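**Student:** Sharing a structure below in structure tokens format, with a few things to ask.
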Amino acid sequence: MKIVEVKHPLVKHKLGLMRENDISTKRFRELASEVGSLLTYEATADLETEKVTIDGWCGPVEVEQIKGKKITVVPILRAGLGMMEGVLEHVPSARISVVGIYRNEETLEPVPYFQKLVSHIDERMALVVDPMLATGGSMIATIDLLKNAGCRAIKVLVLVAAPEGIAALEKAHPDVELYTASIDQGLNDKGYIIPGLGDAGDKIFGTK
């Protein structure tokens with residue numbers, strides 16, 4: 001599995017701001033979107049382009065445009081919505097697929113409860129977004145769902161990842177690509193990432 005920990009100074013700075021315990025909902029939400037945008041920049045660096053001729057101000061001009069790759073952004077509800085706008089800044093014409101999965105706090109197992117995928121998803125590259133890759137259960141379940149629907153090109157974008165979640169994802173889906181702003185220390189006994197960000201969903205939606 002291709003694993004990319006994005007080490008750009010802006011990413012590290014913004015993620016560091018997000019780790020503040022008393023950060024406001026507004027600021028956390030803004031930063032989640034901004035880091036999501038920067039991760040998208042990295043994750044789409046290998047998209048192919050083709051030369052086309054357009055009408056410029058001084059006549060015909062040859063430019064490069066992305067070659068035919070259709071994209072669907074897949075936020076995992078609910079926290080993934082906090083990164084979605086940042087992703088769409090770079091791929092505004094992407095279609096949105098939505099997957100709802102929550103983690104049972106006792107068993108730590110993923111529980112699917114909603115899905116709405118775009119049509120012809122087998123023709124699209126999926127950018128799956130979720131702030132945290134902890135145990136990996138929710139992400140694995142989401143990718144299972146996408147593959148069962150025919151999607152084969154899948155990239156995962158997360159703000160922070162635990163080594164345990166990375167290992168689980170790699171074992172289940174070695175063909176996906178992972179882009180993260182940080183590979184953190186690991187999980188505590190409750191399955192939370194340390195040092196992590198706390199409950200990203202609560203911080204994004206103001207329910208903490």
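Keep in mind that glycine also has a Cβ here, set from the backbone N, Cα and C atoms.
What Swiss-Prot lists as 5-phospho-alpha-D-ribose 1-diphosphate binding site is Arg78, Arg103, Asp130, Pro131, Met132, Leu133, Ala134, Thr135, Gly136, Gly137, Ser138, Asp199. Taken from Swiss-Prot, the feature uracil binding site applies to Ile193, Gly198, Asp199, Ala200.
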**Student:** Can you give me the Cα-Cα distance between Asp199 (uracil binding site) and Asp130 (5-phospho-alpha-D-ribose 1-diphosphate binding site) in Å, rounded to a whole number?
**Tutor:** 12
**Student:** Check the Cα-Cα distances from Ile193 (uracil binding site) to the binding-site residues Asp130, Met132, Ala134, Gly136, Ser138 and tell me which is shortest.
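**Tutor:** Spatially nearest to Ile193 (uracil binding site) by Cα position is Ala134.
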**Student:** May I ask which residues of the same chain, at least 6 positions away in sequence, place their Cβ under 8 angstroms from the Cβ of Ala134 (5-phospho-alpha-D-ribose 1-diphosphate binding site)?
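**Tutor:** Same-chain residues close to Ala134 (5-phospho-alpha-D-ribose 1-diphosphate binding site) (Cβ under 8 Å, separated by 6 or more) are Arg103, Ala162, Glu164, Gly165, Leu187, Gly191, Tyr192, Ile193.
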**Student:** If you skip the near sequence neighbours and keep only those at least six away, which residues in the chain come within under 8 angstroms of Asp130 (5-phospho-alpha-D-ribose 1-diphosphate binding site), Cβ to Cβ?
**Tutor:** Pro75, Ile76, Ala79, Gly80, Met83, Ser138, Met139, Thr142, Val156, Leu157, Val158
**Student:** So among the binding-site residues Gly136, Gly198, who's got the most Cβ atoms within 10 Å?
**Tutor:** Gly136
**Student:** Inside 10 Å of the Cβ of Ser138 (5-phospho-alpha-D-ribose 1-diphosphate binding site), count up the other Cβ atoms and send me the figure.
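**Tutor:** Result for Ser138 (5-phospho-alpha-D-ribose 1-diphosphate binding site): 27 neighbouring Cβ atoms inside 10 Å.
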**Student:** Compile a sequence-ordered list of residues in the same chain as Ala200 (uracil binding site), six or more apart from it, whose Cβ lies below 8 A from its Cβ; state 'none' when nothing qualifies.
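**Tutor:** Residues satisfying the criterion: Phe28, Ala32, Ala79, Gly82, Pro131, Met132, Leu159.
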**Student:** Would you identify the secondary structure of Ser138 (5-phospho-alpha-D-ribose 1-diphosphate binding site) according to DSSP, in three states?
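**Tutor:** Going by the DSSP assignment, Ser138 (5-phospho-alpha-D-ribose 1-diphosphate binding site) falls within a helical segment, counted as helix.
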**Student:** Taking the centroid of the Cβ atoms of Ile193, Gly198, Asp199, Ala200 (uracil site), which other same-chain residues have Cβ within 8 Å of it?
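**Tutor:** The surrounding set, listed in chain order, is Pro131, Met132, Tyr192, Gly196, Leu197, Gly201, Asp202, Lys203.
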**Student:** Measure between the Cα atoms of every pair in Arg78, Arg103, Asp130, Pro131, Met132, Leu133, Ala134, Thr135, Gly136, Gly137, Ser138, Asp199, the residues the record assigns to 5-phospho-alpha-D-ribose 1-diphosphate, and report the largest value in Å, rounded to a whole number.
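**Tutor:** Roughly 17 Å, rounded to the nearest whole number.
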**Student:** What's the CA to CA span in angstrom from Gly136 (5-phospho-alpha-D-ribose 1-diphosphate binding site) over to Gly198 (uracil binding site)?
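**Tutor:** Gly136 (5-phospho-alpha-D-ribose 1-diphosphate binding site) to Gly198 (uracil binding site), Cα-Cα distance: 16 Å.
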